[in-house]
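Chemist: Got a structure for you, questions after.
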Amino acid sequence: MTQPATTPRPVLVVDFGAQYAQLIARRVREASIYSEVVPHSATVKEIKAKNPAALILSGGPSSVYADGAPQLKPELLELGVPVFGICYGFQAMNHALGGNVAQTGDREYGRTEITHTGGVLHDGLEENHKVWMSHGDAVDKAPEGFTVTASSAGAPVAAMECVAKQMAGVQYHPEVMHSPHGQEVLVRFLTEVAGLEQTWTSANIAQQLIDDVRAQIGPEGRAICGLSGGVDSAVAAALVQRAIGDRLTCVFVDHGLLRAGEREQVEKDFVASTGAKLITAHEADAFLSKLAGVTDPEAKRKAIGAEFIRSFERAVAQALEESPEDSTVDFLVQGTLYPDVVESGGGDGTANIKSHHNVGGLPDDVEFELVEPLRLLFKDEVRAVGRELGLPEEIVARQPFPGPGLGIRIIGEVTEERLEILRQADLIARTELTNAGLDGDIWQCPVVLLADVRSVGVQGDGRTYGHPIVLRPVSSEDAMTADWTRVPYDVLEKISTRITNEVNDVNRVVVDITSKPPGTIEWE
């Protein structure tokens with residue numbers, strides 16, 4: 001899908017190799033200002049063509065003096081747009097403007113106290129407060145015309161600004177939650193130094209995306225969307241349905257690996273709230289047949305993926321055959337998000353793909369043009385747009401769920417009996433976490449069945465050998481990193497008691513308290 005014509009002028013985050021570049025863009029958007037990420041290798045011409053409202057120079061792992069270190073193009077500072085430097089970007093900006101970056105040998109990593117002397121960025125904040133530092137080199141002299149507004153033990157110039165030039169920067173990372181006042185500082189740059197308006201709201205986003213989809217598909221075009229039951233595909237489908245009405249057909253493949261109530265939720269709640277046409281393919285038997293005897297995690301993923309391709313192909317072929325008016329479907333809707341675009345090297349331009357490229361396995365003589373209405377959004381924005389469109393909270397607030405479903409939450413062979421055990425345990429855990437009001441604190445809570453493990457237990461007057469269930473509650477902002485959620489003991493006790501009493505063949509419940517890294521969120 002091409003860059004929407006209605007997208008506002010972006011605040012461009014120039015990525016110098018930072019692990020937080022996407023997070024910076026998210027923080028800008030949280031301030032109701034549109035932002036995108038561009039690589040530092042982008043030419044001045046390419047950046048200028050995006051008509052940026054401001055530039056933010058991200059952090060990075062390098063020293064400005066290191067061989068091969070990413071370079072700031074000085075011409076970017078001459079575009080006449082506001083510029084904000086963070087960490088490495090702060091040093092690179094200083095270096096380019098004639099300040100001095102010293103290799104002091106005094107490194108600062110983690111929580112660090114800074115002392116500020118006012119200025120626009122820090123005015124009104126505590127004179128001494130904690131920020132998150134991650135630097136080796138340090139700026140010891142600001143460029144001419146800049147006012148030094150903060151310092152730390154290892155950074156003589158920890159913040160500087162020149163309001164007249166609409167330029168500022170900080171040595172620390174304002175985008176991370178370990179800098180408690182970081183978002184305030186970022187917003188002050190955007191609104192008070194750069195003078196930008198805060199107009200990027202869920203209502204505006206939704207209407208812009210609807211208009212863009214309507215323009216792409218046209219007055220007579222037809223589209224197909226594969227629903228997974230997740231929030232991304234649901235919101236993408238709702239946007240397209242709002243744009244083209246009954247010219248959209250949704251296909252939902254029930255592979256038998258769903259959690260309790262998920263198929264019904266799609267068939268009832270989604271259809272009721274959108275009015276979309278829906279075809280459900282009941283393919284549980286086909287998937288279980290392919291998974292018989294398979295225990296290797298990667299082999300399971302591949303088997304599920306390959307069978308999904310075939311199932312989706314059959315469902316689409318059936319839809320085209322049963323609805324002659326849909327035989328000229330030219331568009332395929334997908335719930336691609338902005339992090340996917342950035343991580344894949346993203347680029348603009350219409351994506352015309354062979355049908356087997358992304359969902360795979362469609363007839364070779366069928367070509368679709370991709371419609372990706374969410375390709376500029378982060379997950380939290382997708383949820384906000386979903387609420388704006390009137391989707392039920394059960395769909396919008398749904399925790400992330402892997403495509404292979406419960407198939408990769410059973411450690412061992414996947415069977416119908418084991419799926420039923422896991423569904424019951426998962427439903428109990430989800431219900432009790434919701435009842436405890438913890439849905440807002442937990443990014444997701446995989447429930448895992450150790451099907452190949454037999455744990456000894458005592459129930460009643462006899463010894464039992466049952467399977468352990470693992471609870472994996474994690475908190476995260478983007479799933480790139482995660483911490484285990486500190487669920488109150490009384491809630492854990494209730495979950496454990498219910499599972500061991502109500503679910504057959506389970507006699508032990510354990511909690512996974514591993515952060516990511518080193519552990520991934522899913523077990524397989």
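The backbone N, Cα and C atoms fix where each Cβ goes, glycine too.
Summarising the annotation, Swiss-Prot assigns active site, nucleophile to Cys87 and lists similarity to another entry as the type of evidence. Summarising the annotation, Swiss-Prot assigns active site to His173, Glu175. According to Swiss-Prot, the ATP binding site annotation covers Ser228, Gly229, Gly230, Val231, Asp232, Ser233, Ala234, on the basis of similarity to another entry. As annotated by Swiss-Prot, domain 'Glutamine amidotransferase type-1' applies to 10-199. Among the features that Swiss-Prot reports, domain 'GMPS ATP-PPase' is placed at 200-398.
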Chemist: Within the domain 'GMPS ATP-PPase' (200-398), what mean pLDDT does the predicted structure show?
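Modeler: A mean pLDDT of 82 is what the model gives the domain 'GMPS ATP-PPase' (200-398).
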Chemist: Ala234 (ATP binding site) to Glu175 (active site): how many Å between their Cα atoms?
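Modeler: If we compare the Cα positions of Ala234 (ATP binding site) and Glu175 (active site), the gap is 30 Å.
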Chemist: Can you tell me how many other Cβ atoms are located within 10 Å of the Cβ belonging to Ala234 (ATP binding site)?
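Modeler: The answer is 30.
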Chemist: I'd like to confirm something. Which of the active-site residues, Cys87, His173, Glu175, has a Cα closest to the Cα of Ser233 (ATP binding site)?
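Modeler: Out of the listed candidates, the nearest Cα belongs to Glu175.
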Chemist: Using a 10 Å cut-off, grab the number of neighbouring Cβ atoms around the Cβ of Val231 (ATP binding site), all chains included.
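Modeler: So the number of other Cβ atoms within 10 Å of Val231 (ATP binding site) is 23.
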Chemist: Counting Cβ atoms within 10 Å of each candidate's own Cβ, which of the recorded positions Glu175, Asp232 comes out highest?
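Modeler: Max Cβ neighbours within 10 Å, all protein chains included: Glu175.
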Chemist: If you measure from the Cα of Gly229 (ATP binding site), which of the active-site residues Cys87, His173, Glu175 is the nearest?
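Modeler: With Cα distances computed to Gly229 (ATP binding site), the winner among Cys87, His173, Glu175 is Glu175.
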Chemist: Can you tell me which binding-site residues out of Ser228, Gly230, Val231, Asp232 are within 10 A of His173 (active site) by Cα, answering none if there aren't any?
Modeler: none
Chemist: Which one is closest to Glu175 (active site) in space, judged by CA to CA distance, out of the recorded positions Cys87, Ser228, Gly230, Asp232?
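Modeler: In terms of Cα distance, Glu175 (active site) lies closest to Cys87.
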